[in-house]
Amino acid sequence: MAERKLLEALNGRTVFPPPIWLMRQAGRYLPEYRETRKKAGSFLDLCYNPELAVEVTLQPIRRFGFDAAILFSDILVIPHALGRDLRFEEGAGPLMSPIQANEIPGLDPNLIHNRLQPVYETVRRLRSELSEETALIGFCGAPWTVATYMIAGRGTPDQAPARLFGYRHPKEFSELLDTISAASADYLIRQIDEGADAVQIFDSWAGILDETSFDQWCLRPVAEIVRRVRERHPNVPIIGFPKGAGWLYSRYRQQTGVTALGLDWTVPLSEASRLQAEGPVQGNLDPMRLVAGGQALSKGVEDILSALGGAPFIFNLGHGITPETPIGHVEAMIQQVREGRL
């Protein structure tokens with residue numbers, strides 16, 4: 001069997017035109033997703049219903065033929081599986097009770113699998129339904145980003161509650177990160193056991209930290225996840241996405257040991273090319289260029305292909321696709337990437 005295109009790139013081979021998939025490619029910009037979401041009831045019900053989660057994962061594959069499917073789930077299923085309450089409210093996003101320092105020792109990463117069984121079933125079904133050419137990506141949130149929601153109880157603009165908690169309660173915060181790391185590593189291992197070809201670690205709030213905190217709260221826990229996953233699955237590629245890491249991207253790769261770097265759209269292409277000399281990169285089109293379409297889109301795609309297409313590379317956005325993105329713009333982008341038009 002020929003190797004899946006995404007895996008070729010992740011294993012260090014230059015593929016042109018490059019493989020393409022999009023973060024949040026199963027989402028509200030698709031009418032078929034919105035219909036399935038209505039059937040599910042709540043967002044969490046959708047995540048935990050294997051039949052519907054498989055359906056929404058496959059929808060962008062059927063429509064666009066991306067080179068990879070990414071499991072439909074959410075990074076916050078880990079705190080939910082650790083016993084924290086979780087709900088999603090329209091317009092407010094995820095909400096949970098803020099965790100207190102004295103509650104952290106009671107979290108047991110060994111208890112997550114009962115609640116996450118439906119997710120593992122989704123992965124198993126997806127691998128059986130996807131074509132041989134289409135890779136399946138599993139994922140988790142990075143411990144720092146997951147912890148920010150557990151401490152604040154919701155998303156906040158600058159993650160001040162989590163930063164303050166970490167400074168005031170360093171011992172308890174380190175314990176929380178260790179617990180999330182252990183749970184996340186086991187979660188990824190199980191996804192790989194069920195058929196995931198590669199995994200991605202999303203650290204959406206990595207860019208909010210100072211250098212010392214980045215080392216302690218971002219690098220150290222992710223390195224532990226990578227170590228544990230590699231013990232069980234040494235050859236499965238791991239993509240790290242520390243959004244906003246700026247000049248610390250290179251340190252992130254070196255100290256965590258991830259296979260590939262996901263780059264956000266603020267990384268200059270000259271710097272992306274330098275990072276690519278160290279290993280595969282993924283990214284990094286500004287999602288607003290995809291919303292805008294036209295010359296803004298075609299120029300963005302052209303610049304990225306020209307700068308990064310000559311070495312191991314996966315075309316993606318620099319963050320998730322937004323709900324207002326026109327489907328026609330996605331189709332135009334895919335066509336330009338697949339034609340390799342510079």
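In case you wondered, yes, glycine gets a Cβ from its N, Cα and C as well.
Now, the feature entries from Swiss-Prot:
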- R24, Q25, A26, G27, R28, D74, Y149, S204, H319: substrate binding site (BINDING)
- D74: site 'Transition state stabilizer' (SITE)
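Here the features listed in Swiss-Prot are placed on the structure.
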residue	record	Cβ within 10 Å
R24	substrate binding site	18
A26	substrate binding site	23
R28	substrate binding site	14
D74	site 'Transition state stabilizer'	17
Y149	substrate binding site	27
H319	substrate binding site	24
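With respect to their backbone Cα atoms, R24 (substrate binding site) and D74 (site 'Transition state stabilizer') stand 10 Å from each other. Rounded to a whole number, the C-alpha distance linking A26 (substrate binding site) with D74 (site 'Transition state stabilizer') is 12 angstrom. R28 (substrate binding site) sits 14 Å from D74 (site 'Transition state stabilizer'), counting Cα to Cα.
Across the fold, the C-alpha of Y149 (substrate binding site) and the C-alpha of D74 (site 'Transition state stabilizer') stand 12 Å from each other.
For the substrate site, whose binding residues are given in the record as R24, Q25, A26, G27, R28, D74, Y149, S204, H319, the maximum C-alpha distance rounds to 23 Å.
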